[in-house]
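Right, one structure below, let's go through it.
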Amino acid sequence: MFNIRQIPLAAWIGLLLTGLAVICALFAQWIAPHGNGEIVGDVWAPMSSAHWLGTDNLGRDLLSRMIYGARITIFIAGMATALSFSLGAILGFTAAVVGGLVDTLMSGVVDLLMAIPTLIFGLVILAVLPANNVTLILVMGILSSTRVYRLSRAVAADINAMDFVEAAKLRGEGLSWIIFREILPNAMSLLVAELGLRFIFSVLFLSALSYLGLGVQPPDADWGGMVMENKDGIVFGIPAALIPAAAIAGLGISVNLVVDWVLTRTTSFKGGRD
Amino acid sequence: MKGAFRGSPVLKLVAQRIALGIFLLFAVSVLIFAGTQILPGDVAQSILGQSATPEAVANLRQELGLNDPAYMRYFQWVGGVLTGDLGKALTTRQEITVTLMPRLWNTLFLAFWAAAVSIPLSIILGLIAVRFRNGPVDKAISGFALASTSLPEFFIGYLLILFLAVKLQWFPSISTVYDGMPFLEKLKAIVLPVIALVIVVLAHMMRMTRAAILNVMQSAYIETAELKGLSALDIICKHAFPNAIAPIVNVVMLNMAYLVVGVVVIEVIFVYPGMGQYLVDHVVKRDVPVVQAVGLIFAAVYIGLNIVADVAAILANPRLRHPK
Amino acid sequence: MANGHAKPRHESDVLLEIRNLKVEATVYSPNEKPRDVTIVDGVSLALKRGKVLGLIGESGAGKSTIGLSAMGYGRGGVRITGGEVLLNGRDILQGGVKGLRKVRGSEVCYVAQSAAAAFNPAHRLMDQVVEAALLHGLGTRAEAEKRAIALFKKLRLPDAQKIGSRYPHQVSGGQLQRVMTAMALCSEPDLIVFDEPTTALDVTTQIDVLAAIKDAIRDTSVAALYITHDLAVVAQVSDEIMVLQDGKMVEHGETRQVIEAPRMDYTKALVSVRSIDHEEKNPAQEPLLSVRNITAAYGGDAVKVLQHVSVDIHPGQTLAVVGESGSGKSTLARVITGLLPPIAGSITFANRMLAPRLADRSRDDLRELQMIYQMADVAMNPRQTVGTIIGRPLEFYFGMRGKERDARVGELLDEIEMGKGFVHRYPAELSGGQKQRVCIARALAAKPKLIICDEVTSALDPLVADGILKLLLRLQKFEDVAYLFITHDLATVKAIADSIAVMYRGEVVRYGSKTQVLRPPFDAYTDLLLSSVPEMEVGWLESAIKGRRMESAGN
């Protein structure tokens, strides 16, 4: 379908870094030189050959914690993305193709949910719910699914109005052919791009919550939580908190680069010159 | 007939939009209230802890009105909100309104300066990007925009603190403000959070401004103006601006809504005594009345800015202002 | 600058001279390095004062580009890279940006294809009409407005005194096109570039606008470049015609010569387009499809778009449904296909009663009634190959699989004169005509008895459209399929129809065999419609306007 050589450099970098993070997440216990909670040295020791990234606020190896942090960050953000995506896309497609009362009702609920800023609503709910990973995944996934719903509904409604879908309906094709063979292939790239953006959003959302002390609870820590643990060092000029923060930014940018590439590929396929 | 209704479609649309906003606000208040009722177990018990005597728990339940049905409590709460009474904090037993007002002002002060810097800056940068479209400046701007959507606020915040506050010592690392603080000192205290907030919204606002202006500049009527021999400045002022103003106001308002939310994390980073900090503190303490109140205020501001954005779009549409 | 009242006038007879014009553009295609393409190559022309030169060609011929080069303008990144454009004796390409700005809107003005988009929605019409005149210091505001009102009258705009105070969206398309002409004339330029000014209009509106433009050109003795793809239109307004193809000149001559005695093959093809000779067939005993008393509406019963429509289609024959936008002709197609169940009336197809709703129809009903759309690009799934697109009806209706299906797809591709090489192509890799051919093959694959063709040629260039019509006629002969042919173009109707239904505001106003319908006496609307179709004949416009009995419909 497409040539490996045609992947631009930016997309390569994105794919490479995203891949690296995923590998760290999958094989944390084999890659990490030390245990997650193991105290190995002084508090906030500088970078050295023994501890490449130095140590954290309790004297744990920062590199090892980063690698384990990748696992928690990517796991929770990934689960939340998967939830938001299956929920949002299925309901959005249904609303667009079925239409009528179902559509009006679901869209009304989504509009209402979107009237409250996601972070604020998340905080309000987390004020009463028990702090654990399941809660986090549910809250993030459901809140984030509203945006997926909007997008998939709009995309599906657009495609549903095209002549080739009408042609399929006139041929007598069933609902499943129309959704899976006519609409979905044309919505795929946009949905894949949205998947990437939702993942970035979930990573940022999770990091913000953990940073505020409402996300992943100690002794486990995702990257956002590690920023919180080490933030007091900043005023002494110790940059330990910046390392997990930079990792979040790096992961976000890499996924963004891939998304950007997916999106340009879509437009180039359909568009061409008129 | 025609004369009698002239101009009315706009008023009607604006009224509709505002009515919808108010309805939405009420619906949101229900949602926020309901959201805080899904607590598994007993609020009074969880406040007092497991070791509390049954009598103490019963007393607290009485005091909090927890024996009333949920809808009664909702109406009491909303009634209070409408008369300016946000209730009492569970943890401190203080009137929320009293504690909250100075913090609300602090937040608005911060948001105002962030808006005052970011709005003109993003519009100017957006214009530059359009002027040098596809050139290196434009590419740099969109690259920055791409990156900044993935930057967490605390990354920007701590970078600023590490370099500008700790290493260079230009600004304080903690943004303390208090009543009666001299204006200039107050400004100096918020420089870093303002910069951080500006970076958070700038890229997005700039990108959207660029798209809005480009959309107008690519219209056929701009070509008509060019073919009349108008200068670039005249084209922008007379032909592009009147049509671009609505989308730009729209973009600005949407980003202001975004900025208001961004305030929460920024305030925590710089230990700034505003609403965001207040909200986060009380979420940790599970102080439900405070969380409800602050959540509602944030949602109200957010909805309000969205209404302004929509109303601006309606008002600027000549098709609606001058019906057939 | 404001006092530059007097425009440079030269004694010379020649107003505009373009020498060896070369125009290039940079194409940015994905995954490829940007490359330069030549849009116009080595075109030269000379235009005398007060004369009209028609520039004609199909899409991609570079005619608009040449027209705009007379204003030193390149649209969308197009660059004039060679040659000279002499206006009133000066090379305007050498005058820099300031020089160009002085020329535009004072010496040369422009009339765009879509006036609706070319007017700024935020300003009143009058402000826009006088803007260029005021900018170039051609009189005071009062003088310019007086001139504008006089022009509105000359262009036969209703309420000439007040129409200027309206906003663009408050005025109809045909009127807006005339306001745009007034805007061009308001600065009393030496030259006007008309860029397809009537193409977007309905045929009965087009003739009015055309006549108004022609009168205005004559009375103001302005010179004009008239750009269009329609040779019959350009024959009415221009003194000379230049035929262009792929950015190069094919033929240039006096109008009568080009129309009546074209020298080049390409011009001959353009002139003889739509001259397909089609022998009318006699109706059969039993109609294949019989539409009885159909009344239909959108949005509940609020707006009736079809009222008591009754037509018959005979096996292997073509019924053409003609009408302008809003006549209900496409709605009729939607009713027949079952997409829009009617409020009243019935449809019989091959001696069976058709269910009103698509969902209630049998698979054979669906198979035997196929449809081809106007926009072939959106009628095919961009993610499916030609093979899948044509093969699906074979699988779906006949259960064909594997080699059997592929062989049949190959046969169908041969039938539409494309060949097996296209099986693995995607729609985006086909030309406009090829796309429409694939759509035809997809319809044929179902072995239908009737194909509904909804404006299937109107998005295509004349020669390509001609090819499609010929193909449809040929297929009709050996597949014995009937067509319901929806179109606004009477020339197409004459080329292919056996019977005709003329629709106007949701009703069939005239119906019968082709000879019956096209034979006088006519009803008022059919007369208007027939007399509005430009004939490829010098002097047709004047006689047509004289002979009309009814005001144009869509105006």
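Yeah, the Cβs are placed from backbone N, Cα and C, and that goes for glycine too.
TrEMBL does not curate its annotations; it predicts them automatically.
Residues or ranges marked as domain 'ABC transmembrane type-1' in TrEMBL: A:70-259.
Per TrEMBL, transmembrane segment is recorded for A:6-28 (among others).
According to TrEMBL, the transmembrane segment annotation covers A:72-99 (among others). Sequence-distant contacts of the transmembrane segment (A:72-99), counting only residues of its own chain at least 6 positions beyond either end whose CB sits under 8 Å from a CB of the stretch, comprise 21-22, 25, 106-107, 133, 136-138, 140-157, 160, 175, 178-179, 183, 191, 194-195, 198-199, 202-203, 205-207, 216, 220-224, 248, 251.
Counting same-chain residues at least six beyond the ends of the transmembrane segment (A:119-143), those with a Cβ under 8 angstroms from any Cβ of the stretch are 76-77, 79-84, 87, 113, 202, 205-206, 208-209, 212, 214-217. The transmembrane segment feature in TrEMBL is assigned to A:119-143 (among others).
Beyond the ends of the transmembrane segment (A:195-214), by six or more residues, the same chain brings 73-74, 76-78, 80-81, 84-85, 118-119, 122-123, 126, 131, 136, 140, 144, 147-148, 221-225, 227-228, 248, 251-252, 255-256, 258-259, 262 to within a C-beta distance below 8 angstroms of the stretch. Sequence annotations record features per position, and here TrEMBL assigns transmembrane segment to A:195-214 (among others).
For A:234-263 (among others), the entry in TrEMBL reads transmembrane segment. Within its own chain, the transmembrane segment (A:234-263) is flanked in space by residues 7-8, 10-11, 13-18, 21, 44, 53-57, 62, 66, 69-70, 73, 189-190, 192-193, 196-197, 199-200, 203-204, 207, 223-224, 226-227, which lie at least six positions past its ends and keep a Cβ under 8 Å from the stretch.
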